[in-house]
Structure formats: structure tokens, C-alpha cells
Amino acid sequence: MKEFKAGQYIKQGSYKSFQPNSINRPWIMDDMEVLQLLGIADRELGRLDMYSEYIPNIELFISMHVLKEATQSSKIEGTQTNMEEALLDKEDVPLDKRNDWEEVQNYIQAMNHAMGALDRLPFSSRLIRETHKTLMQGVRGEQKQPGEFRTSQNWIGGASINDAVFVPPVHTSIPELMGDIEKFEHNEELYFPELLKIALIHYQFETIHPFLDGNGRVGRLMITLYLVSRGILKKPILYLSDFLERNRRYYYDNLMRVREANDLSRWFKFFLQGVIEIAQKGISTFDGILRLQKEIDIKIKSLGSRAVNAQKVLEYLYQRPVLNAENVRKVTGLSMPSAYSLIKELEAQGILREITGGQRSRVYEFSDYLNLFRS
């Protein structure tokens with residue numbers, strides 16, 4: 001990667017913006033440490049992907065992976081909603097936390113929309129704009145051109161553009177730069193390992209910062225979207241935001257180091273280490289889910305005539321492991337007294353745990369399952 005040049009700073013009056021170079025060009029990968037990490041990352045991704053076929057009803061569990069990604073990616077941007085709060089119905093969320101809650105819900109909707117859109121759209125600028133529109137609809141930042149590339153200058157860090165940490169390229173160059181990303185992604189004549197390709201695309205997207213708001217969340221969402229679109233993963237079961245949030249300073253430092261020192265290898269190593277760590281955690285989580293399923297199935301079967309409705313509640317819990325009596329009533333069709341009775345039975349079995357401590361508006365969680373995603 002010695003020949004790599006990220007771009008150049010261009011003076012724009014009182015500040016300098018960064019103009020990235022094209023990435024749709026031949027590449028020579030000569031860093032052996034990167035190649036070694038790439039081999040490990042590919043192997044761990046392959047192991048993780050096997051669970052897509054191995055686990056029955058895996059779609060039930062993907063919902064929690066998406067929710068964790070949404071909370072962690074939003075946390076990087078300063079949104080303070082944890083998984084437990086994100087799982088609550090809107091009316092159960094304190095008023096002072098509803099804006100953050102809505103942003104997390106929008107991230108979930110944006111991810112689900114993007115994955116569904118892959119049936120009709122390739123990984124493209126159009127898909128990215130659609131995803132951004134869903135992400136920004138009806139929340140803070142909705143006035144900042146949802147679904148449209150910016151038509152003015154933005155900046156990162158600092159109270160004004162003159163003391164910004166980083167100033168992305170001028171808005172007039174965005175269509176060409178985003179088109180270059182799209183050409184790079186679809187260039188079948190260009191040999192470049194897929195994991196390094198999305199690492200480079202993520203870097204370039206973050207550098208372009210094509211939207212007025214929501215760039216970080218869209219950029220991180222694109223990673224999983226790309227892996228599924230290219231068939232590297234059969235299902236969206238790898239999300240890097242947990243790793244990036246825990247290593248936030250290194251994340252931003254490594255992105256900036258590419259721009260300042262043309263050090264793409266360091267960014268690749270950081271990215272691949274994240275893929276390896278999160279893939280291994282995903283494998284551990286799915287192993288835990290399989291063990292828990294066996295234990296819970298035994299408990300459900302012991303409930304006799306209530307087992308059918310308990311199974312319906314359990315399937316709901318695998319998607320949303322926090323619920324109230326109204327949720328149970330809707331899922332099962334039981335009366336409210338019968339719903340409360342079933343909840344008590346599930347509490348007695350150690351499946352549910354009441355978390356409010358109150359006598360009214362009680363909320364229950366499937367703690368053993370939720371803990372698999374907390375760790």
C-alpha cells in the first residue's frame with residue numbers, strides 16, 4: 001500500500017477541505033500482516049455464517065442483533081439509549097429519553113428497509129440515499145435533507161468550520177465521488193478482497209460525508225449491507241458498531257490517519273481485528289442461544305395445557321425480550337387476567353423477571369436471553 005495517496009487538502013477561503021482521490025483503480029496489497037488478519041477474518045466469518053443454516057428460525061434472533069447494532073451505532077453519535085430502553089414501547093419510555101429512543105427505532109427501520117431493498121436494488125448510491133431517508137425521518141436532523149446528498153459544506157468537530165477537526169470535500173464533488181465508490185464496488189475486473197473492499201468503502205464514505213447529518217450511522221450500516229449484498233453472509237448477523245463504540249478513539253484516529261499520513265494499512269488492520277472479534281462474539285452468542293433454547297424448551301413443555309401460549313410468548317421474546325401484559329394478550333389472544341396468570345407461570349419457571357419494581361405498568365424481561373447480548 002506504499003503507493004496509496006488518500007487525497008489532498010484544498011484551501012477554501014479561511015479553511016481547507018479534504019479532496020479524496022478515486023478508489024476505483026488497481027490495487028497492490030503487499031502488507032503481510034494485513035493479509036494474515038484477512039485470512040483469520042475470512043475464516044471466522046465463514047464459521048459465523050454457518051449458523052445462518054444451522055439455527056432454526058434464525059430470523060427471530062436477528063432482530064436482537066439489529067437492535068444491539070442500532071443502540072451501539074447511535075451511542076457513537078451521542079444517543080444515550082440502552083438495549084432495555086430500546087425494547088420498550090414508546091409510551092413506557094420517559095419523555096426526556098424519547099428523542100433518543102426514536103433515533104434508535106429509526107436505525108432499526110433503516111437497517112430492515114435496506115436489507116429488504118436488496119431484493120430490488122444493488123448496493124448503490126440510490127440504496128444508500130433511501131436508507132438515509134428512513135434513518136432521518138421524523139427525528140432530530142429531519143430538516144437536513146433526508147435521502148439527499150448535501151448541497152452545502154459541512155465539517156466535523158469544532159464550533160465553526162474555521163476550527164473544525166476535519167472538513168470533508170466540497171458538495172459539488174459528491175456525485176462524482178459517490179459514483180466512484182459505486183464503480184469500485186461493482187468493478188469485477190478489479191481484484192480486491194471483499195473485506196478490504198468494504199473497509200475502504202467505509203473509510204471513503206466517512207471522508208466524503210455526503211449527507212448533512214447521519215453519515216456515521218449510515219456508514220456503519222453499509223458494512224453489514226455490503227457483506228449480505230455480496231453473499232459473504234447469508235443473513236445480517238455481523239455488526240461492527242459494538243467494536244467501534246468500545247474503541248471509538250482508535251476508530252476516529254485511524255480514519256484520520258489515512259487522510260493525514262496515507263496509512264491505509266493501519267485502518268485495514270483495525271477493521272479486520274473488529275471483524276474477527278465481533279465474528280467470534282457472534283459465534284459465542286449463537287452457541288449460548290442454542291443451549292438456552294434447549295433449557296427453555298424443557299420448561300415450556302412442563303407447562304401442560306399452557307405450553308402452546310407460552311411458546312407464542314417465547315417466540316415474541318426471542319425478538320423482543322422485554323414485554324408487558326398487553327404484549328402477552330396481543331400475542332396469545334388471552335384475556336388480561338389469563339395473560340397475567342401466564343406471566344406468573346413464566347416468572348415461576350425463571351423465564352421472565354419483573355424489572356420495574358412497581359405494582360402497576362409492570363414490565364418483564366427475558367434476562368437469560370438478554371444477557372447473551374449484553375456481554
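Just so it is clear, glycine is given a Cβ too, placed from its N, Cα and C backbone atoms.
Because TrEMBL annotations are produced automatically, they should be read as predictions rather than curated entries.
Record features (TrEMBL):
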| type | residues | note |
| --- | --- | --- |
| BINDING | Glu77, His209, Asp213, Gly214, Asn215, Gly216, Arg217, Val218, Gly219, Arg220, Tyr251, Tyr252 | ATP binding site |
| DOMAIN | 123-273 | domain 'Fido' |
| ACT_SITE | His209 | active site |
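Shown here: features listed in TrEMBL, placed on the structure.
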| residue | record | contacts (Cβ under 8 Å, 6+ apart) |
| --- | --- | --- |
| Glu77 | ATP binding site | Gly216, Arg217 |
| His209 | active site | Arg150, Asn154, Ile156, Pro168, Asn215 |
| Gly219 | ATP binding site | His202, Phe205, Glu206 |
| Tyr251 | ATP binding site | Ile76, Leu244, Phe270 |
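Most Cβ neighbours within 10 Å among the binding-site residues Asp213, Asn215, Arg217: this distinction goes to Arg217.
If you take every residue in the domain 'Fido' (123-273) and average the pLDDT, you get 95. Gly219 (ATP binding site) falls within a helix when secondary structure is assigned with DSSP. Considering only the residues assigned to ATP binding, Glu77, His209, Asp213, Gly214, Asn215, Gly216, Arg217, Val218, Gly219, Arg220, Tyr251, Tyr252, the longest pairwise Cα distance works out to 19 Å. When secondary structure is read from DSSP and collapsed to three states, Tyr251 (ATP binding site) falls in the helix class.
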